[in-house]
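Database features, via TrEMBL:
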DOMAIN    43-294  domain 'G-protein coupled receptors family 1 profile'
TRANSMEM  28-51  transmembrane segment
TRANSMEM  63-88  transmembrane segment
TRANSMEM  94-122  transmembrane segment
TRANSMEM  143-165  transmembrane segment
TRANSMEM  199-223  transmembrane segment
TRANSMEM  244-267  transmembrane segment
TRANSMEM  273-294  transmembrane segment
Amino acid sequence: MTILYNSSLQKATFFLTGFQGLEDLHGWISIPFCFIYLTVIIGNLTILQVIRTDVTLHEPMYYFLAMLALTDLGLCLSTLPTVLGIFWFDAREIGIPACFTQLFFIHTLSLVESSVLLSMSIDRYVAICNPLRYSTVLTPARIVKMGLISVLRSALLILPLPFLLKRFQYCRSHVLAHAYCLHLEIMKLACSSIIVNHIYGLFVVACTVGIDSLLIFLSYALILRTVLSIASRLERLRALNTCVSHMCAVLLFYIPMIGLSLVHRFGEHLPHMVHLLMSYVYLLVPPLMNPIVYSIKTKQIRQRIAKKFVFIKSLRCFQ
């Protein structure tokens, strides 16, 4: 395949990649991906609808859950057009402005998810360690501020990345290894030194995911200390049970991230398919599993969803 490059950056083009060597099977491969995307969209929209319509769920814990669902929905929609475009129409070509826009949203929403998970851990810390002040500490106005800070912090830190990439000349192959655009992959195609991008990328990760993960660990250490001081075994289990869903969400976010980082750093000898699958796991598994986990493990959400289905079923019976 011939790769064309115009000296004008705005006319330059990248080429996305599906599953190399399996192009003839892309139609079949698209079926599980369609199922995953559909499940993500329906699951997160259901969570949002349940929280929006049920007044009893207008509490800090569920407001943060709604933020998580919105973030997961946005992350899913950021990759959907290019992934399914390749599988269905072999639409591999993507202009640099569109590529940089997708890159911005993917990285920004990933950092927002980390921030939301931190906010949810703060919610659990206050609820368990200082329950009498829960409603006064986590007021609606403060929750909105926490959400806005999460978005602004992530967007402002990621905003320089497209501009740092824009200054490069891309004289190497313009073929990307994934069906979407990522900063780490694009900067490797540059002809000149990428040390500034490397340093800034590490700085962003340290300031966001690094700090967030440490604070989440600290909050759970304090929660565990408080729980262990409770005399009643039943009360201890009840307190810990309120954290199970959030702990699952944290593991679903950080384990794929750590796995993908290890594969990129130490897995150069591994087949390309492993790198590809790990990147899809990182981007799709958290948005897919978070609504399922919260629907199963959170009694209030589970009951409200069950009522919705019963109500819809009863309406159909009268038709």
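Glycine too: its Cβ is placed from the backbone N, Cα and C atoms.
244-267 is the stretch from 143-165, 199-223, 244-267 with the greatest number of Cβ pairs below 8 Å to the transmembrane segment (273-294). Here the transmembrane segment (199-223) has long-range neighbours at 111, 114-115, 117-118, 121-122, 124-125, 128-129, 153-154, 157-158, 160-161, 164, 183-184, 239, 243, 247, 250, 254, 257, meaning same-chain residues at least 6 beyond its ends whose C-beta is under 8 angstroms from one of its own. Residues of the same chain lying 6 or more positions beyond the ends of the transmembrane segment (244-267) and with a Cβ under 8 Å from any Cβ of it are 68, 113-114, 117, 120-121, 124, 184, 209, 213, 216, 220, 274-275, 278-279, 281-282, 285-286, 289-290, 293-294, 297-298. Summarising model confidence by region, the domain 'G-protein coupled receptors family 1 profile' (43-294) averages a pLDDT of 93.
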